[in-house]
Amino acid sequence: MARQLEGLDYRLAIASSYSGFLIWHAGLSASIPLTLATGGETLIKTTAGSIKEAIPITETLFSPYALVPVIIFLITMPLINKAMHPDEKHTITVDPSVFREEAAAQEVEQKTFAEKMENSMIITLCIGLLGLIYIFNYFSTKGFNLTLDIVIFMLLIAGLIFHRTPIQYIRAFSDSTKSASGILLQFPFYAGIMGMMIGVNSEGLSLGGAISTFFISISNETTFPLFTFLSAGIVNIFVPSGGGQWAVQAPIMIPAGAELGVPAAKTAMAIAWGDAWTNLIQPFWALPALAIAGLGARDIMGFCVVNLLYAGFIISLCFLFISHAIYNRSPLYFRKI
């Protein structure tokens, strides 16, 4: 886009593309809703027994608390980003060196049997066909029951098919991890921070638990989802991972919500939206895009803060004013301890 549109502010282009990350936890790759849909002993243990059965994605991803904010953001977020474009005097355009084409790699003569196989579409077609058969059989026998395993499997097979040959798929992985090097390097450090957030003292209280407990203390049935969302946004700054976020807050927020009469699915989506919300100012996940663009976090942070404030306002309104009665139609939404 920056190559085709002359005068486009490159910082805003990157910030605008990053703002699309806001709705990831309301999509089909969302870790918390898929964890609920997977069910099992781990889910029971994580939620302190508050959730004893799997909760299908119809109760989370296809609920009003997911769909309404997504629809609003799809319509309004592009307009917000457009309104932030600076005038010509303050516009920073793209550095031409970013788009400098690398010399085309010469085709290496395929001599060995292994080299011929890794460059053959036949291998891809065989594996892809087997994968598609399994996917078709899965949904025909289990219905639209998305779990983490089937989503990962579908993405794996789709990537292989679209890259045509095994070696092209491998090269794509290699090239992608170059721009993700910042994430790969920093993830262990964030894991350490997560350990500090979930580590308990002699009284059995963790730092993440203390944050969650504070918001519980000022909540009632109406405001609990809102305060869960806000607390999740704070915790996410220190633990920028959906799975880590769930591990920190689910054991506290889900049982507390049950005590207040708040559906488990509603509380889970509040945690999910809080995780997605403050990702807008979390440089950790922006590192790949920034590396590709040759920019630093401070170049896009101003635009991201505006999006953060707007998104927080919209999500807060949704949790306050969407009818609680919608969730009471299904017994899956609320399970007492």
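Backbone N, Cα and C define each Cβ position, glycine as well.
Keep in mind it's a predicted model, so treat the numbers as computed, not measured.
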Quick check on the annotations: TrEMBL lists transmembrane segment for one of 183-202, 263-282. Which range is it?
183-202
Highest Cβ pair tally under 8 Å against the transmembrane segment (143-162), stretches 12-32, 62-80, 120-137, 222-239, lands on 120-137
For the transmembrane segment (62-80), the distant same-chain contacts (Cβ-Cβ under 8 Å, at least six residues beyond its ends) come to 16, 19-20, 22-23, 26, 33, 225, 265-266, 269-270, 273, 306-307, 310-311, 314-315, 318-319, 322, 326-327
